[in-house]
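As given in TrEMBL:
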DOMAIN    90-216  domain 'Tip attachment protein J HDII-ins2'
DOMAIN    342-445  domain 'Tip attachment protein J'
REGION    1-23  region 'Disordered'
Amino acid sequence: MQAVIEGKKGGSSNARTPVESPDSIQSTSYAKILLALGEGEFAGGLDGTRIFLDGTPITNANGNANFSGVTWEFRPGTPDQSYIPGFPGVENEITVNTELTSQTAWVRSLTNTQLSAARLRFSWSTLQQQLDNVDVVGYRIEYAIDVATDGGSYQELLRTAVDGKTTTTYERSHRIDLPNASTGWQIRVRRITPNSTSNRIADRMVIEAITEVIDAKLRYPETALLFIQFDASQFQNIPVISCEPDGRIIRIPSNYDPLARTYSGTWDGTFKWAWTNNPAWIYYDIQISERFGLGQRIKVENLAITKWTLYQIAQYCDQLVPDGRGGSGTEPRFLCDVYIQSQEEAWTVINDLAAIFRGATFWANNQMNVIADMPRDIDYIVTRANVKDGKFTYSNASEKTHYSTAMVAWSDPANGYQDAVEAVSDNKLIRRYGIKQADITAIGCTR
């Protein structure tokens, strides 16, 4: 008799291959750019929707960020404005090379009260964990940086985390701006995530160095500034940075409301300071400003009569007219949204600004005079009695100057204020003179 032993194989017929996640964190570089916007003082009015990187606002209309990690600061250009931190004048890096553990915080005292900031540099040679199914994935470590000033209590200034996977050394730095102090500071770094005791987790965190930073503290008085910092990995090249601030605060009549564009009562000839884009008062301000205009050559007494003419012109500029978009919309007749970025002949600049309100400039009787093509009171009434011998002598311009079409260049706000060209033609003139084109640049025109 024979015994028969039977059995069968258990388990799956397919073996699972472990999966290793790719490295997901890389060292991050930040670009810091300081822009001189112009001669101050600016009215400002900047927010994230009016600052653009490559034509895209840094925040949308709902307040959500279009780019991560963007910070910015604005200075209007006052004589006593504060400096923008972040641009070091002197740096002193001190090597630390100490592992940070959750059991013991790292503390360093700083006694140089001239310091503006401290920068801490961390590194992770490997950051990963192996799961029970043998997959290799990333790991997260939370940590915080505290500062105590003049022996006071610690204040948490930064709480963040490294979260991802790397098999090569990953470094990051944090700049900690230091408050004013009389005796100094203590900087404390805490690892919040406990150190792992498993050999399946690589989570060694090292404080590589601390750098003492003394900012140059350049205020650039009288110059409007925009500082912007962003993660350089979001762009292939340094992006074009643009913004739409309200420009210079200039002299305007004391009875003028630049927002409502109204004048109250009778003007006494005095001025106040405010922002406006009325071309008449921009024309006046650039002539009387000494730092960048004609103020060293043209004095207040040379404009004593002209300012009253400009008062009439300015009211004509502020009158509402149809906006040309259809419907019942209106806008001021003339606006000046010009951004002068290069040096030009003074007479050219003045005439270009006057052209915005269809004006012309001339010097007479020790006065800088201005006139504008606008309705005015009758100066003379001419009758037959004023015609000598009853004969009229006619003159006309050359036919070459009878233009029938025009190509007008203007600054298009929908395209980053790049020049756009608008074609204008008069069919009657074309039939009479043919196509004779004039090329015109509409200075300060954004509509």
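In case you wondered, yes, glycine gets a Cβ from its N, Cα and C as well.
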Per DSSP, what is the residue tally for the domain 'Tip attachment protein J' (342-445) in helix, strand and coil? 30 helix, 33 strand, 41 coil
In the predicted model, what is the mean pLDDT computed over the domain 'Tip attachment protein J' (342-445)? 86
Residue counts (helix, strand, coil, in that order) that DSSP gives for the domain 'Tip attachment protein J HDII-ins2' (90-216): 0 helix, 78 strand, 49 coil
